[in-house]
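*Asks:* Handing you a structure now.
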Amino acid sequence: MVRLGPKKPPARKGSMADVPANLMEQIHGLETLFTVSSEKMRSIVKHFISELDKGLSKKGGNIPMIPGWVVEYPTGKETGDFLALDLGGTNLRVVLVKLGGNHDFDTTQNKYRLPDHLRTGTSEQLWSFIAKCLKEFVDEWYPDGVSEPLPLGFTFSYPASQKKINSGVLQRWTKGFDIEGVEGHDVVPMLQEQIEKLNIPINVVALINDTTGTLVASLYTDPQTKMGIIIGTGVNGAYYDVVSGIEKLEGLLPEDIGPDSPMAINCEYGSFDNEHLVLPRTKYDVIIDEESPRPGQQAFEKMTSGYYLGEIMRLVLLDLYDSGFIFKDQDISKLKEAYVMDTSYPSKIEDDPFENLEDTDDLFKTNLNIETTVVERKLIRKLAELVGTRAARLTVCGVSAICDKRGYKTAHIAADGSVFNRYPGYKEKAAQALKDIYNWDVEKMEDHPIQLVAAEDGSGVGAAIIACLTQKRLAAGKSVGIKGE
């Protein structure tokens, strides 16, 4: 085997022998504060299950538990050409998915940048721009036209209420969008109208959430998939429940969606424990919540998602500075800026391979104008490990809760998102947490009964597969939503 270029030296823990007693005391205090024991995780899981159940009840609860109207499992044998449309914050992605029928698929995709003025323009400007992109894509890949309209799955990652899979009423814009005349309206007919104006052979048959897409896409290729999760700027999970277990749908469903029918549920569980009953919040978590745009909401997300990990670190470092332990006689004005430390900070610090943590030294010098001593860097490294590990241990409580609720003893959990994919050692931290919850006597993480595995593309492939399943139901005259819709 030929290795190209220098091999990165292995990460070294480094000795704590040179750390003075007063700083060691602070490190031990932080360990106590941020360590989540196996026992604590089990109590969180128990409460999580009751909150998931509450979300499915008629009364509802903190966790929305939104029915995704995917009422069939993909078999992996589905075939055909399907389109997916993914409307993100800055780009529009169009994906052609050719399902091979043997748990396999091919994809072709184009990305289109959304012009800034569209974010605050008119409803017609937005939908006609999207329709033009679709036309360009179809003309390029089907120059001879198509024999019948292409079914399209639309990944719409904005809060929308759905009574059936081929409709979705926008509740409110997020991600910097503020387009009049869309909130409170069904987005599917708005898009379909512009598609028809340009005579494009496309039918929008499904509106989906990206987490539900992650679940379905991964199940198509891997029959052991039991859940789709996103661990990135936000956190979320989706799984299949059975209709008989969803109390809030009682009496609302047509006969062809029976009590034994599966139903994909988009949990939106970032709002777990908004009452602060079980999550081990520190004073730093309280500050983050109180100074956030929506205090008292998204409690679980604020302790686990990539958006907040750097900020938790920053608040701890500020506290240590104010108490006179670190960065003595230095200008820390940059460190005082809220959210100046994003997740790349703990990520780079945990990835620093050098004994004296040179990369961390550069990071603080270049970005924050702070000179650090080796001893300070050892504390910073320990803090990054504690914050990252706590996030992983809390995150898998959601996974464990769904597995226990559904009685899964073995499962592949299809995971996606920037933290899962890029944060160093995250997969190992999560695997260790699951091992601790269940007390498994298994050494290797690849032998664990429940494993986090890399997901398939949910917003592209997942949306296309859901379009395929929905198209089949519609063609057979079956329902795709509540009675009378």
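Placed from the backbone N, Cα and C atoms, the Cβ positions cover glycine too.
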*Asks:* To which residue among Ser15, Ser37, Ser43, Ser271 does Swiss-Prot attach the annotation phosphoserine?
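*Replies:* Cross-referencing Ser15, Ser37, Ser43, Ser271 with Swiss-Prot, phosphoserine lands on Ser15.
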*Asks:* Is Lys111 (ATP binding site) helix, strand or coil when read with DSSP?
*Replies:* strand
*Asks:* Hey, does DSSP put Ser15 (phosphoserine) in a helix, a strand, or just coil?
*Replies:* coil
*Asks:* From the Cα of Ser15 (phosphoserine) across to the Cα of Lys111 (ATP binding site), what is the distance in angstrom?
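*Replies:* Lys111 (ATP binding site) and Ser15 (phosphoserine) have their Cα atoms 48 Å apart.
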